[in-house]
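Asker: Sharing a structure below in structure tokens format, with a few things to ask.
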Amino acid sequence: MLNSTSSALTYFVLGAYVDVGRWRYLCFLITVVLYLIIVAVNVLLIAVICVTRSLHEPMFLLLCSLLVNELYGSSGLFPFLLVQILSDVHIVSAPLCFLQIFCLYSYVNTEFCNLAVMSYDRYLAVCCPLQYHAVMTHHKVIFVIILTWLYSFVKFLITLLLTVRLTLCGNVLNSTFCRNYLVVNLACSDTSVNNIYGLFGTVITVLVPLLPILYSYTKILGVVLSGSKQTRQKAVSTCTPHLASLLNFSFGCLFESLQSRFNMVSIPNGLQILMSLYFVILQSLLSPIMYGINLTKIRNACKQLFSNKLEPRTVFCFSLGEQS
């Protein structure tokens, strides 16, 4: 444990792990199976979208970006967890810790941005169907997807650089994985810039996606209440998986944010650990399942794929020469 000031800290100690004895092997097996399922279902849907030309539409290209992000976020967490579960001493090198912070925080921001763009896409499809294809062209969708990822990476690269420059007086993180807020709390040096940028970044992370989401679903709700039965059915079928995904992810992030900043000793330690991992694990698992079950085109394409009835098609789902 590090008690003196250090500007060149080499490792962190993760203090939230509990000794479960031989149960660690069962925990390891469950975690491996869960990770493999997450990878399999997300890769399956990405492959289905890529090889099925009828799915080369804005909605499914945006969904593909969301699924890639699920793989990105889960891969930033699961391999790390697997190593820690089998370790007797729960330590992580400082560079790896900072890399995990970057991956998980950029994953969260990209997820919210993807969901925001998808909500606007659903608004156009339900409320402005005649203008939909004129607004949501293939090139515009590709541009928005690239912009979403670049924005998230740059935003949290700045966060990471502000954290790395700090002088730390300790190296114990009361967590099962690396969190930027906990690292900043170990600082001996002035953290004013980190706190201001962190507050600004949090507001931006929430407000930038929230505004188009609220606007889109307010308009969609108006159409649902005043439209025909067919319009209502279309709105419900296309918006249900998106809303479920949005609410599920928001709940997980809210708990993670509260747990990082408030004392939750009244909650059992095991439940705290599970809930702290909820925002990545459940979202990465449920998103492909919800979209796969609720969207008819996805279901039909999966049936064709498994029955070997798919005719040969290009696998370049983001070909810039193709129009939606």
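Each residue, glycine too, has its Cβ placed from N, Cα and C.
Below are the features listed in TrEMBL for this protein:
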TRANSMEM  23-48  transmembrane segment
DOMAIN    41-291  domain 'G-protein coupled receptors family 1 profile'
TRANSMEM  60-83  transmembrane segment
TRANSMEM  141-164  transmembrane segment
TRANSMEM  196-218  transmembrane segment
TRANSMEM  239-258  transmembrane segment
TRANSMEM  270-293  transmembrane segment
Asker: How about the transmembrane segment (270-293) and the transmembrane segment (60-83): at least 3 CB pairs under 8 Å, pairs 6 or more apart in sequence, or not?
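Answerer: Result for the transmembrane segment (270-293) with the transmembrane segment (60-83) is yes.
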Asker: Within the same chain, where does the transmembrane segment (141-164) have neighbours whose Cβ lies under 8 angstroms from its own Cβ atoms, ignoring anything closer than 6 residues to its ends? I mean 6 or more beyond.
Answerer: 58, 61-62, 65, 98, 101-102, 105-106, 109-110, 113-114, 117, 180, 183-184, 193-194, 197-198, 201, 204-205, 318, 320, 324
Asker: By Cβ distance under 8 Å, which residues at least 6 away from the ends of the transmembrane segment (196-218) in the same chain are close to it?
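Answerer: Long-range Cβ neighbours of the transmembrane segment (196-218): 108-109, 112-113, 115-117, 119-120, 122-123, 155, 158-159, 162, 180-181, 184, 239, 243, 246.
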